Structures are given as structure tokens and as C-alpha cells.
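Below is one structure, written out as C-alpha cells, with a few remarks after it.
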Amino acid sequence: MGAPPGYRPSAWVHLLHQLPRADFQLRPVPSGFAPREQEYQQALLLVAALAGLGLGLSLIFIAVYLIRFCCCRPPEPPGAKSPPPGGGCVTWSCIAALLVGCAGIGIGFYGNSETSDGVSQLSSALLHANHTLSAIDHLVLETVETLGEAVRTELTTLEEVLEQRTELVAAARAARRQTEAVAQQLRGLAFWQGVPLSPLQVAEDVSFVEEYRWLAYVLLLLLELLVCLFTLLGLAKQSKWLVIVMTVMSLLVLILSWGSMGLEAATAVGLSDFCSNPDTYVLNLTQEETGLSSDILSYYFLCNQAVSNPFQQRLTLSQRALANIHSQLQGLEREAVPQFPSAQKPLLSLEETLNVTEGNFHQLVALLHCRGLHKDYGAALRGLCEDALEGLLFLLLFSLLSAAALATALCSLPRAWALFPPSDDYDDTDDDDPFNPQESKRFVQWQSSI
């Protein structure tokens, strides 16, 4: 099958498509895109479950590390005021991890934007395809109504005017039959009329889901950014309560990061399977949803020389019929107008109607060619399989960096917290404040010395 113009599966598509898949019984599953098959669904769920396994292992590691830190820490000698060796290294490693998390947030914003651009390109292609299909239906309906009106009025009037000449009436009736034949042929060109699948509805549904997906990722990115910034602020101010609150928030964001990683991994793998050979799945799904023949769908989705235009015969017959009607009207104009001057008005009206019909016919020929709809199909694939997939991979990298940075921070924050100086109720009071207990004590000593 021929690929749409400008679309070729990327290296990432080939790489992800080659990854092994297995169901819940660990039996191999083919990598062909089959979202309705239970084994394939289980394979994608198993890919997502790997993130859950990573979350569990990271939580176990953090718990073991903190238990070891709390229970196996050697007692400090009494009166020791200097921090234990390596304390500064612990603090700086926590700061470095948070800075890596901030860099991952930047990657996440870029990936979220790329994914949104790809989905927007998909929606735009669907809307343009819907416009083309609606234009075909509108032109066919308008042309058929115009021809029907011509049959009911001008041709009927012409037959009544020419009733004294049998051969002229026969020519007018022949033009009537040709006009009705053209209308019948044109009705078959509105192939999308009455089809339950609407590209407009699909585009609206995709845009609706994408809007909430984009917003959810923006909120997640902002939440992690706030956690990183306030944690750095707590370390700089040596504020124990702020560090404790940010430790709890870091644990929450860590869980969200692993969850998003599982969703992104499963989506990227499934999307790579679709993008490796999209034509087969799209053809089968569209035929199932619309009930159209495979000839019509193959012509528009593949658009190569091996597939002929399924409407070519109708277009040829219509063009010949229009040419015959032109010849018959010109003959009637030469023969009938000199004898029946009243026939000139319906003949001129018929000529005008025929010119409009031919203009609509040429527009239909251009719209029914596979180039336009096939171009929209290629644009949709490029948006989904290039920009959206690339954005998903950047989001996957963001989730990985976020999980690693937060796990490192969760291990380092308690040790950094233990290095803070003891806090009391007067840590933040001013030394020159006369209500400061230390200042009051010095003031009393000064008075007694006097």
C-alpha cells in the first residue's frame, strides 16, 4: 500500500514497533495494531504496569533508605555543634536533583506543546476533509435540484410551445431524458451523504479530549515546578516546616510522575504500532463505520495509479450527456426560434442552466479526485505519527527525569533536614528587639553593673 505524500514512518516508530509484547500470561503478542483484541489490550496494559512496578520499587528503595537513615544513624556526641562530615554534599546533591527536575519540567512543557500541535494538525485535517465532503454533497444537491427545476419548467414549456412540430417535440423530449439521466448520474457522486461517520464530530471529540489532556499536563508541570522551587527555598532558608511540607508534596508528585509515565509509554507503543502501517487499519475501520465499498475507500486513502477512480464511469456518462444536451438545444434554437419566437426564452434559460451545471460539474471533478482527501489523510498522519509521537516521547523523558529527581530528593531531604540548626520560638526575632529574651538578659546585666 502506498504511503500518503510526505509521510514516512520515523525511526522512533520502527524502534517502538519492534519492542516485544506479551499478554498477562507472558505469551508473545503480535505488534500489529489491534486495539479491539483482548491480547493486544493486555500487552499495552502490561507496558503501563511497568511504570507501576517502577513506582513500587522506588517507594521500597526510599522507605529502606529512610529507615536505615533513621534507625542506623550513630548517636551524636553530647555538645557537638559542628555538622557531621558530608553534610554539605548531601544538601548539594538534593539541590542538583531538584535542578535536574526543573530541566525535566522544561522538556515536559516542550513535549506537551508538540503533542498539542500534532493533535491540532489532526483536527485541522479532519475539518478540511469534512469541508471537501460537504462541498461535494452540496454541489450534487444543488445541481440535481437545478436540473430538476429545468425539467419541470423550461423543458415542459418548450414542449408545449413546440407541440405543432412533432420532430421538435421529440428533440425536446430527448433533451429531457438526457437531463434526467445526468441528474441520476450525479446523485451517485454524493458518496458520503447519509454516512453515520462525520469527520467534523471526530475532530470535535479529539479536540475536546486534547484540551483536557493539555490542561492536566500543564497543571502537573506547574505543580512539580512549585514543589522544586519551594523545596530549594526551604533548603536556602533552612526552614524545617517548609521542607517537611515539600517532602510530602514530592511524594505525591512522584506518584503522579510514574502514573503519567505508564500512560505515555502505553500510548507511545500503541501509536507506533498504528503508524507503522496505518492504511490497513484505517481502511478496515472506515469501511466498518461507513459501509462504503472498498473501491471508494482505497481510491481516496491510497491514491495511486493502481486504483482507478470509482466514479469515472458516472463522470464520463454525465459529460457525454451534457454535450448531447448542448447539441440538442443548439439544434432547437436554429430550427424552432424562427418559427416559434416564444421558444427563445425557455431555450436561453436552459442554456444558462446548462452552463451552471457544467461549472458545477467541473468543480465536482476536481473535488472527487483523490488528491485533496489524500492530502488531508497524509496531514493527519504526519500530525499524529510525527509531532504527537515526538511530543509523547519528550513527555516520557520528562516523567523519567521527574521520577529520578524526586526520588533522589526524597532520600536527601531528611538528611539535609537533620543538618539544620535547632529551631526555637525566637529564631526569627531581631537581636535589637528589646523584647528579645537574649537582649533583655544583657540589658539586666548592664544595669546591675552600673
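The backbone N, Cα and C atoms fix where each Cβ goes, and this holds for glycine too.
Some features that TrEMBL has for this protein:
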- 43-67: transmembrane segment (TRANSMEM)
- 88-110: transmembrane segment (TRANSMEM)
- 214-235: transmembrane segment (TRANSMEM)
- 242-261: transmembrane segment (TRANSMEM)
- 392-413: transmembrane segment (TRANSMEM)
- 427-450: region 'Disordered' (REGION)
Inset, instruction - Would you mind listing the long-range same-chain contacts of the transmembrane segment (392-413), meaning Cβ under 8 Å and 6+ residues beyond its ends? - result: 12, 54-55, 58, 61-62, 65-66, 90-91, 93-94, 97-98, 100-101, 103-105, 107-108, 110-112, 114-115, 217, 221, 224, 227-228, 231, 243, 246-247, 250-251, 253-254, 257-258, 260-261, 264-265, 267-268, 271
Legend entry - Positions on the same chain near the transmembrane segment (214-235), where near means CB under 8 A and six or more residues out: 91, 94-95, 98-99, 101-102, 105, 108-109, 112, 115-116, 242-243, 245-246, 249-250, 253, 256-257, 260, 395, 398, 402, 405-406, 409, 413, 416
Legend entry - For the transmembrane segment (88-110), distant same-chain residues with Cβ under 8 A (at least six beyond the ends): 217, 220-221, 224-225, 228-229, 231-232, 235, 391, 394-395, 397-402, 404-406, 408-409, 412-413, 415-416, 419
